[in-house]
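Reviewing the structure listed below.
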Amino acid sequence: MLFRSLVTYLSLVSSVLSIASIKVEGNAFWDSESGDRFYIRGVDYQPGGSSELEDPLADTNVCERDVKYFQELGINTIRVYSIDNTKNHTECMDTLAKAGIYVILDVNTPHSSITRSDAACSYNTDYLQEVFASIVEFAQFDNTLGFFAGNEVINDGPSLEAAPYVKAVVRDMKTFIKNRGFRTIPVGYSAASVDEYRLPSGLYFNCGDDDMARIDMYGINDYSWCGDASMTTSQYSQQMKDFANYTVPLFFSEFGCNAKRPRPFSEIEAIYSTEMSSVFSGGLVYEYSEEASNYGLVELKGDSVTTNDDFDNLKSQFEKTKNPSGDGGYLKSTGGNKCPPKSNIWNVTEEIPDTPKGALKYLKGLAEPTGHGFDAYVQGNCNAKGNNVDDTGNYTSSITASSRASPSQTSQVSSSSATSANSTSSKKNDAAVEGAGFLSVIALAAGIALL
């Protein structure tokens, strides 16, 4: 019995310690243990799409069904657009970690995000509570590669008014991660590849004196390489020029034009070549499952997965295309870029709004944020009671990184004043704690063996 328990515990510990976290240095990603440069080879993953919203990382059966196909493709990263922060994601994240797969997570849901129509009101305490609750849930996993604070919020002139609020969310997320004592997890923005806004957006989110308000990575949703295009007939060459001196990791957060199907994915050879590695760090193919937009690599029907020619072509391209050797000619940069000049196309203030006062208790690590998952309808909660009231004086103790609340099963969205500061449970997830437990079990086993 003791031996069986020991084996079970060793299996748990090995899984916890099975994958190195990814860090940012200069304009590249790096394996924190080996020191090797890390290139994103991945797919965008949201089975059901936005019309049938489900959390694929909370369903163990779905996760186990799909991870074998991730491995067959040879990918190392998935991007997930929405999760339910009331649920537990440990089993799936552990399954992915064992397969060597990282997750880039968008922290927003359809009704909990910065809106283009009223960015000021959607940036409120209840919204930030949802964001912070998602961070608490996923910061515990070493294979959480990073978080996106927004996706394609800026796509035309009127939407520029939302830019300062998205940047404020970046600041709040990074501040929350730091103050809670979590490891440094990259926070970024995923941009629509609209010619006139792609570069200024990238510069804007990576400029200014406050490094907490600057992104750590920038994703571009690009579909300019169609069929058997080239660096010049697509927009790849232009983007290489535009971002030659960009100081944080840049990658394609979506790519894979479907004007011609099956897609040949000939761009893979370019993306993972020395011609692009000085600026780009890989990308994510849109998308894993066939949805209404017809970009899928597989067809899902219940527990059944059927791969298509797109899947086979992508697999073949990944198999024959290796990453550049060494550091790939990365830019050893520090600090941000210059802010984009104002023009008739780009007219955005460099000042960003203050954090709603009701959210300060979370930023200061005094209260545990409570998520409400897909039931969070908070975009109009700027007038909610307590949204802009500093109630930090009501709290006396701080929450550490190794103390976190179990996922809430709350079914109703509470107002800003109805937060659960006392919902913290001491669930230890720090690798050092697991390591200490590991040594204790070894010592116990050794003692038993001597009897």
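Cβ from N, Cα, C; glycine included.
Annotation comment: Swiss-Prot describes 1-18 as signal peptide. Per Swiss-Prot, the feature (1,3-beta-D-glucosyl)n 1 binding site maps to TYR81, ASN108, THR109, PRO110, HIS111, SER112, SER113, ILE114, THR115, ARG116, ASN151, TYR286. What Swiss-Prot lists as N-linked glycosylation site is ASN88, ASN245, ASN347, ASN394, ASN422, and the listing cites sequence analysis. Marked as (1,3-beta-D-glucosyl)n 2 binding site by Swiss-Prot on the basis of similarity to another entry: GLU152, ARG198. Summarising the annotation, Swiss-Prot assigns active site, proton donor to GLU152 and lists similarity to another entry as the type of evidence. Under the heading active site, nucleophile, Swiss-Prot lists GLU254. The region 'Disordered' annotation in Swiss-Prot covers 316-336, 395-427. Annotation source Swiss-Prot lists compositional bias 'Low complexity' at 396-426. The GPI-anchor amidated aspartate feature in Swiss-Prot is assigned to ASP430.
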Separation of alpha carbons, THR109 ((1,3-beta-D-glucosyl)n 1 binding site) and ASN88 (N-linked glycosylation site) (Å): 17
Residues TYR81, ASN108, THR109, PRO110, HIS111, SER112, SER113, ILE114, THR115, ARG116, ASN151, TYR286 [recorded (1,3-beta-D-glucosyl)n 1 binders]: greatest CA to CA distance in Å: 24
Euclidean distance between Cα atoms of GLU254 (active site, nucleophile) and ARG198 ((1,3-beta-D-glucosyl)n 2 binding site), Å: 14
Packing count at ASN394 (N-linked glycosylation site) (other Cβ atoms within 10 Å of its Cβ): 12
Least buried by Cβ count (within 10 Å) of the recorded positions GLU152, GLU254: GLU152
Recorded positions compared (THR109, THR115, ASN347) - the one with the fewest other Cβ atoms within 10 Å: ASN347
For ARG198 ((1,3-beta-D-glucosyl)n 2 binding site), the three-state class that DSSP assigns: helix
Pairwise Cα distance for GLU254 (active site, nucleophile)/ASN151 ((1,3-beta-D-glucosyl)n 1 binding site) [Å, integer]: 11
Among SER113, ASN151, ASN245 [recorded positions], residue with fewest other Cβ within 10 Å: ASN245
Using Cα positions only, nearest of the recorded positions to TYR81 ((1,3-beta-D-glucosyl)n 1 binding site) (GLU152, ASN245, ASN347, ASN394): GLU152
Between ASN245 (N-linked glycosylation site) and GLU152 ((1,3-beta-D-glucosyl)n 2 binding site), the C-alpha gap once rounded to whole angstrom: 23
Among HIS111, ARG198, the one of these binding-site residues whose Cβ has the fewest neighbouring Cβ atoms within 10 Å: HIS111
Site with most surrounding Cβ atoms, counting all protein chains shown within 10 Å, from the recorded positions TYR81, ASN88: TYR81
Secondary structure of ASN151 ((1,3-beta-D-glucosyl)n 1 binding site) (DSSP, helix/strand/coil): strand
Secondary structure content, the region 'Disordered' (316-336) (per DSSP, counts of residues): 5 helix, 0 strand, 16 coil
Proximal residue to ASN347 (N-linked glycosylation site) among recorded positions THR109, SER113, ASN394 (C-alpha distance): SER113
